[in-house]
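Peer 1: So TrEMBL has the following annotated:
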TRANSMEM  B:20-39  transmembrane segment
DOMAIN    B:20-440  domain 'DUF112'
TRANSMEM  B:45-69  transmembrane segment
TRANSMEM  B:109-141  transmembrane segment
TRANSMEM  B:147-167  transmembrane segment
TRANSMEM  B:200-223  transmembrane segment
TRANSMEM  B:320-343  transmembrane segment
TRANSMEM  B:355-374  transmembrane segment
TRANSMEM  B:394-424  transmembrane segment
TRANSMEM  B:431-450  transmembrane segment
TRANSMEM  B:470-488  transmembrane segment
Amino acid sequence: MEPTQSKKRGWWRPELGLALALLAVGVYVIAGTLNVEAATSVVGLGPRFFPMLVGGAITVVGVFYVIDVVRGGRGDPEESEDIDADAPADLKQVGLVGGVFLAFTALLDTLGWVIAGSLLFFGLSLALGAEHRVRAAVIAVVLGLGTYLAFVKGLGVNLPAGLLEGVI
Amino acid sequence: MDSLQLLLDGFASALTPINLLYALVGVTLGTLVGVLPGIGPAMTVALLLPVTFTVPPASAFIMFAGIYYGGMYGGSTTSILLNTPGESSSMITALEGNKMAKRGRAAQALATAAIGSFVAGTLATGLLVVAAPAVVAFAIAFGPEDYFALAILAFTAVSSVLSRSVVRGLASLGFGLAIGLVGIDQQTGQARLTMGIPQLFDGIDVVIVAVGLFALGEALYVASRLRHVPPEVIPVGRAYLGRADWARSWKPWLRGTALGFPFGALPGGGAEIPTFLSYATEKKLARGVAREEYGKGAIEGVAGPEAANNASAAGTLVPLLSLGLPTSATAAILLAAFQQYGLQPGPQLFDHNPALVWGMIASLFVGNAMLLVLNLPLAPLWAKVLHVPRPYLYAGIVMFAALGVYALNASAVDLIVLFVLGLLGWAMRRFGLPVAPAVIGMILGPMAEIQLRRALAIGAGEVTVLIKSPIAIVLLLLSALALLTPLLRKLMARRRGERITPGSHPE
């Protein structure tokens, strides 16, 4: 994917991270299952058998995946309408979008959906390169308020009112 | 005929004013969201799941049928008017469709896609009416070991067919199976892999998985590689088809339907292979003008694949409704929608809830007709949707993803799980892991476990019970074949020194 990068760092490739994560998941499934107490009064298999099977299979696939990546195998990065597949991955952007999302998660219950949701939209559109700040802010507020009214008042879905409790 | 009577009852329920309204809302939302770039049918259904939470089941599934078919229609508009491959299923349509549009024949390309989708969708839904009860009659005799073998077949087929690299397909499946294990074991009440977090005791909701892997994963992926020049959208008027184009289109429609339906019904078949086959068939059969135009925008190359695409969507519903077996990511999410209402598709569903099943099937016909009416005159309107500035589009997608997930349990823990799954979805896209196996593994994994334990309980612990029935043996052999075929193909290709055709792209 990024030939210069893989050359520079020798055997390390970014995909190795994902392969090792899969391996870790396999080990975790096995280790986590060992703690599960087997009930005594069950006919047939207990709650451990299937997870051990799956954990074992994941670990085996994980080992093959790691080997494949180290030997230089790779998949095709997904193509999409808005993707520049040849561009190097911009991790800063991913971090920015992720940060905005996590901040939204932390603030949602206190601020309520209308404010937190509007801030989420505003933050993300700026992070993704929206040029008009004012327009982005207006759309954000309209969407935040509109979804709240439509889903809470219209469809009866449960969203937090937060600071605006009693106002709308 | 029995099922004909049931279908008529279904129509009676689908044609009530309120359900017609739900169908109309479904097809409109489905088309609207399906047209949005970067959103395939699977994500369309996942994002719109929360909308149906407060609707009674029968109406909800009528709406879902509309969303499902609407998402397919919307996708083809995107691929014809934008010169970039969209979701895998309509990628082939873009090959000739976009070239037609560039030569000023966008209206005809859209019309043959819409009418072809209508013809194929109607015929294939008719085939579904015949095939589903037949499969149900056959599946009544299935024991738990057969269902377990069926799940194994779905796992292996979907992992090996959807990706050029089998190990990446299996890796995706592994992530999905692990996610499916989280939660309390239903038979013994033991908590598994919950890390002691009480919110995880009920397991991870499939809406979170689907929305995380598809919507948030896509948004993060787009953020990492945003194309800074907006893609060029070809302007289009009302979609229509001249007499000569009708003559050139109707045979490819029928051939596309014949290819699409059976492939859609097979585990791992999906829409990619039949659309590709249809494209190749039409190319081979092209004579005269068509032959000259092929590669420069031949209408046959749009009509055939687009029909195949929609026919496979109907085909997918055969194993889904009659066996509870999802063969694509979209089908897996539809299965989850059934589970939301405590319904388990399979022979029992036809027995216990005939009104619901046949109402849904009838509304597929209704929705298809609505989509034709909606798509021909409104094509210019849908084309406008393509101009939405990308920062707003993806910010909006994430906002709706967060809304849908939070609405499930009003819990911030779900949003954190969503974020983690979004990162996983991003990594999978970046490194070319297909997403469908993860979604199918997550949903089918727990069902496979139940059937396995049931089979082994009946067999009093004897493992050989799994290969006692001939059906199970055949299914397990097919699974082994599904895993070995790509290896054999690679060996053969290496021997011939040829490159394998990139047949499929993961959703």
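Note that Cβ sites are derived from N, Cα and C of the backbone, with glycine treated the same way.
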Peer 1: Considering only the recorded stretches B:109-141, B:147-167, B:394-424, B:470-488, state which has the highest number of Cβ pairs under 8 Å to the transmembrane segment (B:355-374).
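Peer 2: Maximum Cβ contact count belongs to B:109-141.
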Peer 1: Would you mind giving the whole-number mean pLDDT across the domain 'DUF112' (B:20-440)?
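Peer 2: Here the predicted model's pLDDT, averaged over the domain 'DUF112' (B:20-440), is 87.
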Peer 1: At a C-beta cut-off of under 8 Å, are there same-chain residues at least 6 beyond the transmembrane segment (B:394-424) that contact it? List them, or none.
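Peer 2: Contacts with the transmembrane segment (B:394-424): 36, 38-39, 46-47, 49-50, 53, 175, 179, 197, 199-200, 204-205, 207-209, 211-213, 215-220, 222-223.
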